Amino acid sequence: MKLKQRVVLLAILLVIFIFTKVFLIDNLDTSAANREDQRAFHRMMASLHVELDPRLDHTLQSPWEIAAQWVVPREVYPEETPELGAVMHAMTTKKIIKADVGYKGTQLKALLILEGGQKVVFKPKRYARDYVVEGEPYAGYDRHNAEVAAFHLDRILGFRRAPLVVGRFVNLRTEIKPVATEQLLGTFMTVGNNTCFYGKCYYCRETEPACADGDIMEGSVTLWLPDVWPLQKHRHPWGRTYREGKLARWEYDESYCDAVKKTSPYDSGPRLLDIIDTAIFDYLIGNADRHHYESFQDDEGASMLILLDNAKSFGNPSLEERSILAPLYQCCIIRVSTWNRLNYLKNGVLKSALKTAMSHDPISPVLSDPHLEALDQRLLSILATVKQCTDQFGSDVVLVEDRMTLSHL
């Protein structure tokens, strides 16, 4: 073989070697990430069932101190939380030392202070489990059980961006009225043999109180985030107008996502991917009411989108409101870790996992069977939407690697 031919051959072999090495390294990195996603999924599945147990591993700390230390810019609670059952037990059993009207909002709620000084938000039961909320996807009262179910779905999806929620029964006569502020107490009434209250909020009406069964009221309690983490409210870029005949821009402009990508904080950092994670979360629970969202203050787009106020969910199991998925199908991007987790939850795994996760709750069964069935059907719709994106743009464009180190120091 002539020298020139040998040089050409060596050059070709060298190019092949370099490309092969790069390809193998990339594949190894991807495989390692996928393996870690799979391990994380198995860890989550192994810890699904949370026993509400008062025992704490950290005996020198209160459950409230432990939960406060969990919060970091990208998580409300860590992946491994052996004290989760103890914190939730405290939320559902600790003595109520003060009760007041809820913070500003459109829906009825009460702000409770539990023994040890911990704030929680109490949302009362308004509907039976099998009640179907007709009309617009954001219609009806808040659903207390939806808050419980949404929290556990957040755990299952691996987001860990929703504050802790647990069901609780309270005696309005003996636990609430003796410690209620005058403002809250002034909204109490008796309807038949039932104690009721209507609170203070935008839509709160004396003619539409929430009523206990006698004196015992079922509800949910949501753990208040630590005061050292003040919240900042943002208008959701895919928010609705809530005006008949008036569409938001995203509802008629197919290139809307391109405009969003040019505005802060969606032009860099994790926020846009958080919006898409949230759209997936909201589609699964049937929440079309996220017109605003919260992050931690002064975060410059780096902190998570916190999954607060999920009670306008699980209203109608037969309704699939595809517009909730607009951030996903208009932007056509999704985190690889989210995509992997959704695929692990196929074939009935999601329904089974959520049912197991909620089985410990004091107000179990939290959801009716039609709502659990709807989750699996909606998951298939999400997977199909992503496939349409990858068919059109390719998986290299659609599947985005965005793993952020989460520190719990």
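Using N, Cα and C of the backbone, Cβ positions are placed for all residues, glycine too.
Spatially close to Leu225 (ATP binding site) yet at least six residues away along the chain are Val71, Val76, Pro163, Leu231, Ile306, judged by Cβ distances under 8 angstroms. Per TrEMBL, ATP binding site is recorded for Gln107, Lys123, Thr222, Leu223, Trp224, Leu225, Glu294, Asp309.
Counting every protein chain shown, 26 other Cβ atoms lie within 10 Å of the Cβ of Asp142 (Mn(2+) binding site). Feature annotation from TrEMBL assigns Mn(2+) binding site to Asp142, Asp309.
Under the heading domain 'FAM20 C-terminal', TrEMBL lists 188-398.
The number of other Cβ atoms within 10 Å of the Cβ belonging to Asp289 (active site), over all protein chains shown, comes to 25. Sequence annotations record features per position, and here TrEMBL assigns active site to Asp289.
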For the binding-site residues Gln107, Thr222, the one whose C-beta sees the most other C-beta atoms within 10 angstroms: Thr222
Binding-site residues (Glu294, Asp309), the one with most neighbouring Cβ atoms at 10 Å: Asp309
Spatial neighbours of Lys123 (ATP binding site) that are distant in sequence (at least 6 apart) but have CB under 8 A: Gln107, Leu108, Lys109, Asp142, His144, Glu147, Gly219, Ser220, Thr222, Ala311
